[in-house]
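*Asks:* So Swiss-Prot has the following annotated:
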TOPO_DOM  1-18  topological domain 'Cytoplasmic'
TRANSMEM  19-39  transmembrane segment
TOPO_DOM  40-75  topological domain 'Extracellular'
TRANSMEM  76-96  transmembrane segment
TOPO_DOM  97-175  topological domain 'Cytoplasmic'
REGION    145-165  region 'Disordered'
COMPBIAS  147-156  compositional bias 'Basic and acidic residues'
TRANSMEM  176-198  transmembrane segment
TOPO_DOM  199-229  topological domain 'Extracellular'
TRANSMEM  230-250  transmembrane segment
TOPO_DOM  251-396  topological domain 'Cytoplasmic'
COILED    303-358  coiled coil
REGION    357-396  region 'Disordered'
COMPBIAS  373-396  compositional bias 'Low complexity'
Amino acid sequence: MSWSFLTRLLEEIHNHSTFVGKIWLTVLIVFRIVLTAVGGESIYYDEQSKFVCNTEQPGCENVCYDAFAPLSHVRFWVFQIILVATPSVMYLGYAIHKIAKMEHGEADKKAARSKPYAMRWKQHRALEETEEDHEEDPMMYPEMELESEKENKEQSQPKPKHDGRRRIREDGLMKIYVLQLLARTVFEVGFLIGQYFLYGFQVHPFYVCSRLPCPHKIDCFISRPTEKTIFLLIMYGVTGLCLLLNIWEMLHLGFGTIRDSLNSKRRELDDPGAYNYPFTWNTPSAPPGYNIAVKPDQIQYTELSNAKIAYKQNKANIAQEQQYGSHEEHLPADLETLQREIRMAQERLDLAIQAYHHQNNPHGPREKKAKVGSKSGSNKSSISSKSGDGKTSVWI
């Protein structure tokens, strides 16, 4: 008998099964197929020819052999191997078809998009050079990356090793795998019970037959009963071992699935998932939460640069007070020191303005001085009024 075809099919099952399933496959090939093909046929080849009965009645010996062995041991075990391996072969065909279909679908998707891109953020160096402030700002912009480069990066990363269970689950074959495992277990139990009712646990050395056309009870003798009994017990042990492996594999799948679900929940609690933002092409921008300060225009240098800067600062302070208001808890402790510093700053500002007008208009210094004096008086009165009201603006 040639077993090469079935052996090649079972080798393909080896590539789509768990660690326990591979052990079961080894037991099936080594102990069942090899023992049945080599040992069984050599032991039972003379089973009917050496079955001798003490009668000369024609046809009585054949009828007694049929009563002794309704089904030959070797044919029973061959039938058992075929039926037990059938669910695995059907699972293999389904798995190959589904995996090929998935690969074909992925190939069509890759062909549909010629050069897909993946977006990643990168810093724009040209923007930094144009600012001329020699400061690193986290200006980011989305950069397109070829999908092939992304796949090469993913392939370079080592994948975690597993025993085949995760691969079966990722391919969507877990349900059909469990179904074929249950069918295989049912066949094992059925053949184990049938073997017990057909042959028992021992091959007796003689058999008493009383069937027609035998004239009376006759004794029939079996060749090599001890050898056949040992081989029968070995096949019982192999069947029981395969049944235990099936139960072990079911427990392995059950506990493994529970462990994976618990680990996934733990990872979700420890590491919150990243947010998936839709792809949009945006102009270079700063990350969220980063305050961008616009660089002010350059002020041409003049003799009144300090005065203009002070005027702009005072204007900004007034605008800030109008927007946010002021609170009494932010007032400085020493108001007299603050007023003294304000008067000194105002005097320096008056001197600078007088010097500027004296250089540009030497004929009318008195009129300008009078205007400046009136202006400074109004400013001092406004300062004193604001200080008395509890405001926190500072004039420079």
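Glycine too: its Cβ is placed from the backbone N, Cα and C atoms.
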*Asks:* Of the residues in the topological domain 'Extracellular' (40-75), how many are helix, strand and coil by DSSP?
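*Replies:* Reading the DSSP string over the topological domain 'Extracellular' (40-75) gives 17 helix, 2 strand, 17 coil.
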*Asks:* Please report, as numbers and ranges, the same-chain residues at least 6 past the borders of the transmembrane segment (230-250) whose CB is under 8 Å from any CB of it.
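*Replies:* The answer is 18, 20-21, 23-24, 27-28, 31-32, 35, 39-40, 43, 73, 77, 80, 84, 178, 181-182, 184-185, 188-189, 191-192, 195, 199, 201-203.
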*Asks:* For a three-state summary based on DSSP, what are the helix, strand and coil counts in the topological domain 'Extracellular' (199-229)?
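*Replies:* Counts, helix then strand then coil: 6 helix, 8 strand, 17 coil.
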*Asks:* Counting only residues 6 or more past its boundaries, what in the same chain has a CB within less than 8 Å of a CB in the topological domain 'Extracellular' (199-229)?
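*Replies:* Same-chain contacts beyond the ends: 43-44, 46-47, 50-55, 57-61, 63-65, 67-69, 73, 236.
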*Asks:* Roughly where does the topological domain 'Cytoplasmic' (1-18) sit in mean pLDDT, to the nearest integer?
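*Replies:* That region's mean pLDDT is 66.
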*Asks:* Looking only at residues six or more beyond either end of the topological domain 'Extracellular' (40-75), which have a C-beta under 8 A from one in the stretch?
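*Replies:* Non-local partners: 1, 198-199, 207, 209, 211-215, 218-224, 227-228, 231-232.
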